[in-house]
Amino acid sequence: MKIAVLPGDGIGPEIVAEAVKVLNALDEKFEMETAPVGGAGYEAEGHPLPENTLKLAKEADAILFGAVGDWKYDSLERALRPEQAILGLRKHLQLFANFRPAICYPELTGASSLKPELVAGLDILIVRELNGDIYFGQPRGVREAPDGLFKGAREGFDTMRYSEPEIRRIAHVAFQAAAKRGKKLCSVDKANVLETFQFWKDIVIDVSKEYPDVELSHMYVDNAAMQLVKAPKSFDVIVTGNMFGDILSDEAAMLTGSIGMLPSASLDANNKGLYEPSHGSAPDIAGKGVANPLATILSAAMMLRYSLNKAEQADRIENAVKKVLAQGYRTGDILTPGCKQVGTREMGEAVLAAL
């Protein structure tokens, strides 16, 4: 089994290194090949997603991704900025389903920004559609306004759109995920304002007929944002579009105490996937050895479960992380009184020891 390892920028190389150590400690034979991506790709090849990196990603059975982005690239034209690498990989590999779990471990309830009783036992899965919506809809750009109150003025415009096949496939993925969990699915939309999401709602309702054992509910995105803070444990699986999912999954991340704890998976129709932590490249702490590697290590566990069919090994890693937390090891982002503060490498070593 071949794994493409794409560390990226900022803290990416540090946290990916710890996940690779954990994978190497398993009783499995993985072929792991590393390639530059993001700012590192731009420095090496003049493009955030070099041809050889894309070729490797296409050939691999799964991709372990770090993070991309750095302020020093903000002056580049948009097509050359590091963040275009992840968008390019999603597009070329047809990664349409993003899984973002938000789990609050018992030991970390004190690190959450909410009261412990609101988040204790929290286990949400957000299923986000990745290939459509306003992020990719055409046409888009800057032009002279052709009509309206400010006709002739410069305006920016984007297009929100979803096709029926796009909605159906993400709905099926979400219903199947809910069927394996608490059998509750909440579809988040803005059907009261947007035609696109009235259409979304209609299609999701139609797909629901194939899953009679799953309870389907609907919620407007503004209310969903409020309920995630007010009563987060009322959710099990949430399915939504690209932009809403982008925002809600980051909000849900902070319910858990730190975005540094949350893995994610982006899958194609055959469960080949790209696995990455939910956080960014954090260039302000890069090289300091203080970043939390647990989200990346847990992303490696998701990779084993969804793309490599190694569920038992995934369980081993997840249980090792739970053990390390129970032992009181904490990086700075999840530190609470009475716990032992460690750095990136020490946290990785603790997980290895727990394995």
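The backbone N, Cα and C atoms fix where each Cβ goes, glycine too.
Taken from Swiss-Prot, the feature substrate binding site applies to ARG90, ARG100, ARG128, ASP222, supported by sequence analysis. Classification of ASP222 (substrate binding site) by DSSP places it within a helix. The Cβ of ASP222 (substrate binding site) lies under 8 Å from the Cβ of LYS190, each of these being in the same chain and 6 or more residues away along the sequence.
The DSSP secondary structure for TYR135 (site 'Important for catalysis') is coil. Here Swiss-Prot flags TYR135 (among others) as site 'Important for catalysis'.
The site 'Important for catalysis' annotation in Swiss-Prot covers LYS190 (among others). Look at LYS190 (site 'Important for catalysis'): DSSP puts it in coil.
Taken from Swiss-Prot, the feature Mg(2+) binding site applies to ASP222, ASP246, ASP250.
Annotation for ASN292 (NAD(+) binding site): spatial neighbours ILE15, SER258, GLY260, MET261, THR331, GLY332, ASP333, ILE334, THR344, MET347, criterion Cβ-Cβ under 8 Å with sequence separation of six or more. According to Swiss-Prot, the NAD(+) binding site annotation covers GLY280, SER281, ALA282, PRO283, ASP284, ILE285, ALA286, GLY287, LYS288, GLY289, VAL290, ALA291, ASN292.
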(request) Check ARG90 (substrate binding site) against DSSP and tell me helix, strand or coil, would you? (result) helix
(request) State the Cα to Cα distance, in Å, between TYR135 (site 'Important for catalysis') and ASP246 (Mg(2+) binding site), rounded to an integer. (result) 10
(message) Out of LYS190, LYS288, which of these recorded positions shows the lowest number of other CB atoms within 10 Å of its CB?
(response) LYS288
(message) Validating a neighbour-count step here. Other CB atoms within 10 A of the CB of ALA282 (NAD(+) binding site): how many?
(response) 23
